[in-house]
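Working notes for the structure below.
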Amino acid sequence: MKNAIVLIVLAAVLAGLVALPWVAPYFYIFLGTEVLILGLFAASFNLVFGYSGMLSFGHAAFYGIGAYATALILLHLEWPFLACLVVAMGAGALLALVIGFLSVRLDEVYFAMLTLAFGMMVFAVAHQWRSVTNGSDGIAGFMLGDFAPGVDWSLGDPAVYYHVVLGVVVVAAAVLYLICRSSFGLILRAIRQNPERVSFCGLDVRRYRLAAFTVAGAFAGLSGALMAPFLRVASPEMLHWSMSAEPVLMSILGGTGYFLGPFFGAAIFVLLESWITGFTDAWMLVLGVMLALMVMFFRRGVLGTLLDWVQGNHD
Amino acid sequence: MTAFFTALLNSLDIGLLLFVIAVGLNIVFGVLNVINFAHGALYMIGAYLGFSLIAMLGWPFWAALIVAPLGVAALAVVLDRLVLRFIYGREITDSLLLTFALLLVLNESVRMIWGSGIHVVEPPALLAGTLDLPGGVRYPVYNLFVIGVGLAMLAGLWALFNRSRVGRIMRAASLDADMAKALGINTRLVVTGAFAFGAWLAAVGGVVAAPMRAIDPGMGDKIIIESFIVVVIGGLGSFPGALIGALVLGAIHAFGGRYFPEVNMVLPFIGMALVLLVKPNGLMGKGAA
């Protein structure tokens, strides 16, 4: 019964998302695209945070490298978009493998510090390696061509791009969900609750954490690859630690205990951002205050609190 | 040879300044078991407060050096009582999240109060100019002063932790908070005090750094990463580790900047990665990984 309700709600939301370009003004197509991409970014973060219990403050590194990979490929090689997505996932995974290898060796305090530090290293490199990354200006002026070889969908049209993003994000989210539900995902959750016990069971905790981090890096890279053509630029800000703060807040806003929590959080986040930046440019301040209040008082997130309330009413 | 000596002195002034800041991070970690991600922001606020007192109110440098860090320590007490006390006893992740949120708030507040521009603080007249050292090395007097401050802080902190009652209480609270409480120590006061003391150290670093470096809203980000590298190299929570980590990083900056300017930026991270691979708990860290 409960599953049926969840499925019906999901189907309705999905139908609404598909229909969005025909029923809503242009502005909402942009908002919708942003929500979907950032939702995927946050969901990839939550695989590490909510499922594996590791707090990363450097997740923007993988998002950013996906964006840079896409921008560079589109600018210099003019490959089809699908190829960019694949390369961006590979780049995100590879970078996460290297950073993760060094960061999962010790406890969560070290993990948080090291991910922030290595994330800022990537930012500094992008900022100063001018010959490749064009420094603080970032890479712009690239054009979207075919989606796949010979498949021209005119991706430059925002409504078309929105539908492509929707398709990619739905597929990616489904894969992420299957990963979370698999025995691998179960082990990650066990590690979050009690790493000692899992390692006494004979499993290599470090290797599982590194695997989770690498998978998360791949999906963060994918979200960055979707974002670069949307923003029409890949800039160092996409790698900055304040970008890493966004999936942290989105996951906590939505609820880290739910697979769809980060997507829900991303929707709240983007709507709030577009509303608040209308009358103040101190968005980071608002972001910080919200994060602090959520951690202090609503640790289960909006979705969690909402579901508790709904279930309390029905049971 | 002159270049070598200059780089050596440089690694001392960079390193000892980093020590003062990183040891504050270590003290807070020792007592609260929290890595304060806003530590760099407190350093930056120290520098900006110093700048306001000196350049805008016309105070002498020395007065600013005393007053600005006390102001930041007071801010830390407020933050501790207003925000951090909510997460004492919760999972460590929550405290990391909360200091990270503080970092966002403090950084943006600085940008709102002082703007995004770059500010310069002149060194006091007494410390202006350069000094001719034996061996033909010409070195800024102010940087020698920074080395002096660093050494004085090193001696003072050592005496505090090894020779004074307050230092022993702090060490007791960091070793075993419950036992310290059972022995009648007001651990709550120790926690707030340690947080304020760590903030004070960061702010002293900020005021001292101000005449040597430009003041801008990105300076806190830079220093928190540097402090992380210091504590990872030296070993988190270790006093001698903070010193050794800071001197190693100072040397990497000073010699790397002189001899390998192309890759200078990534050298600290390579150093940190090497330490993580060989001795994951840091050069002075205890126990196995």
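In case you wondered, yes, glycine gets a Cβ from its N, Cα and C as well.
Now, the feature entries from TrEMBL:
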TRANSMEM  B:14-34  transmembrane segment
TRANSMEM  B:41-59  transmembrane segment
TRANSMEM  B:65-84  transmembrane segment
TRANSMEM  B:96-121  transmembrane segment
TRANSMEM  B:141-161  transmembrane segment
TRANSMEM  B:189-211  transmembrane segment
TRANSMEM  B:223-252  transmembrane segment
TRANSMEM  B:259-278  transmembrane segment
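Segment contact holds for the transmembrane segment (B:189-211) and the transmembrane segment (B:65-84), given three or more CB pairs below 8 angstroms at sequence separation of 6 or more. The transmembrane segment (B:96-121) makes no contact with the transmembrane segment (B:259-278): fewer than 3 of their CB pairs lie within 8 A, with pairs spaced 6 or more apart in sequence. The stretch in B:14-34, B:41-59, B:65-84, B:259-278 that contributes the largest number of Cβ pairs under 8 Å to the transmembrane segment (B:141-161) is B:14-34. Tertiary proximity for the transmembrane segment (B:259-278) is limited to same-chain residues at least six positions away from its ends with a CB under 8 Å from its CB atoms, namely 226, 229, 232-233, 248-249, 252-253. Long-range neighbours of the transmembrane segment (B:65-84) within the same chain, counting only residues 6 or more positions beyond its ends whose Cβ lies under 8 Å from a Cβ of the stretch, are 32, 34, 38, 42, 45-46, 49-50, 53, 59, 95, 98-99, 102, 191-192, 195-204, 206-208. Sequence-distant neighbours of the transmembrane segment (B:41-59) (same chain, 6+ residues past either end, Cβ-Cβ under 8 Å): 21, 65, 67-69, 71-72, 75-76, 102-103, 106-107, 110, 113-114, 119, 121-122, 199, 202-207, 209-210, 215, 217, 219-220, 223-224.
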